[in-house]
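S.K.: Among the features that Swiss-Prot reports, S-adenosyl-L-methionine binding site is placed at GLY55, GLY56, HIS57, ASP75, PHE101, ASP122, GLN129. Among the features that Swiss-Prot reports, region 'Disordered' is placed at 333-364.
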Amino acid sequence: MEFEHRPVLLEPTVDALVLPDFGGKGAHRQAGEPGPDAATRLQHGVFVDGTFGRGGHSRALLARLGAQARLVVFDKDPQAIAVARELAAGDGRVEVVHGGFATMAEELTARGIEQVDGVMLDLGVSSPQIDDAERGFSFMRDGPLDMRMDTTRGPTVADWLAQASVDEMREVIADYGEERFAFQVAKAIAACRATRPLHTTLQLAECVAGAVRTREKGQHPATRTFQALRIYINRELEELARALASALDLLGPGGRLAVISFHSLEDRMVKQCIAAAARPAAAHARLPLRESELPQPLVRSLGKVVADDVEVAGNARARSAILRVAERTGEPLPPGGGAGFVKAGRVPGEPVRGTRAGSKGRRR
């Protein structure tokens, strides 16, 4: 079954990678300041789409690249990879990797690529994944409680909920869903699974709905819990941290990073990474160093873009989207590389911290 997918912020994302004078709100480039040599980059550059999905952003970028350019696309989703391979079969510039963007550095190195001209990431869940009940992402459609981006490996949400403690569930839901009723939700899930296994999305949604005492306007009470479980089961924030670090390591001078995020946890990580790399001297402000001894910016922020009213009217998913863009300077990488500018989340497999006395989920 085919599901429609409309890429969010399509034109500004591609513009961010190819236009030398691109600048969104808050861009640090001054008017008239020259950008990178766009003609050379478009004809011979190497670009990365870390979240191929159904290929909307990739196709739009390919339409503006030259015949000698290369585009390496990544995705965990087997259905997305099938679409990507069809595209690659008809366009020799495209190379396909079945894997997440966290493996970007290793996969590019294996292909002899040491430097790239652009990296784009469209974070979150695609419309086809949400609309397909069998994937288990939606609390509005009944389906298996799965939520894996890559359905060929790893535990499902149902697997994890069947064995997680109340404390583990509480912390995941509080940290990754920013749910203030996380403790109540965790206890409700434990009570529900004691009477019958939780195998479907609607079972979980009904269980959670009874524990969330107030509703945010226009938001289903299970929204934050589903978000938290999806992020946790796919290790989304840990993988984003690795991808951002790899992008800083791989981008050549003038290369661009364009990231679309859909919730505050992702956007905060992207924003903080760009800010840290653009203003590394801030971390040394209290040290008795001469200006010449301070670290120089690794990137220049090119600002952010949000969807206009026209796009939001035609695609509700665009309402929460934020595109942030950065341009690599010619400054050499510091010891430790790009990882030093990224605040990583939970390490995959790290034990969940226990509940503090009296804690019932934290407000954020």
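Cβ atoms are placed via backbone N, Cα and C, with glycine included.
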S.K.: Return the count of C-beta atoms lying within 10 angstroms of the C-beta of HIS57 (S-adenosyl-L-methionine binding site), excluding that atom itself.
M.R.: 25
S.K.: What kind of secondary structure is ASP122 (S-adenosyl-L-methionine binding site) part of, going by DSSP in three states?
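M.R.: DSSP call for ASP122 (S-adenosyl-L-methionine binding site): strand.
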S.K.: Quick one, of the binding-site residues ASP75, ASP122, which Cβ has the fewest other Cβ within 10 Å?
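M.R.: It is ASP122 that, of the binding-site residues ASP75, ASP122, has the fewest other Cβ atoms within 10 Å.
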S.K.: Non-local Cβ contacts of PHE101 (S-adenosyl-L-methionine binding site) (under 8 Å, 6 or more apart, same chain)?
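M.R.: In sequence order, the residues whose Cβ lies under 8 Å from that of PHE101 (S-adenosyl-L-methionine binding site) (at least 6 apart) are VAL48, GLY50, THR51, PHE74, LEU121, GLU239, LEU240, ALA243, SER246.
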S.K.: Enter the number of other CB atoms within 10 angstroms of the CB of GLY56 (S-adenosyl-L-methionine binding site).
M.R.: 19
S.K.: According to DSSP, folded down to helix, strand and coil, what is GLY55 (S-adenosyl-L-methionine binding site)?
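M.R.: Looking at the DSSP assignment, GLY55 (S-adenosyl-L-methionine binding site) belongs to neither helix nor strand, so coil.
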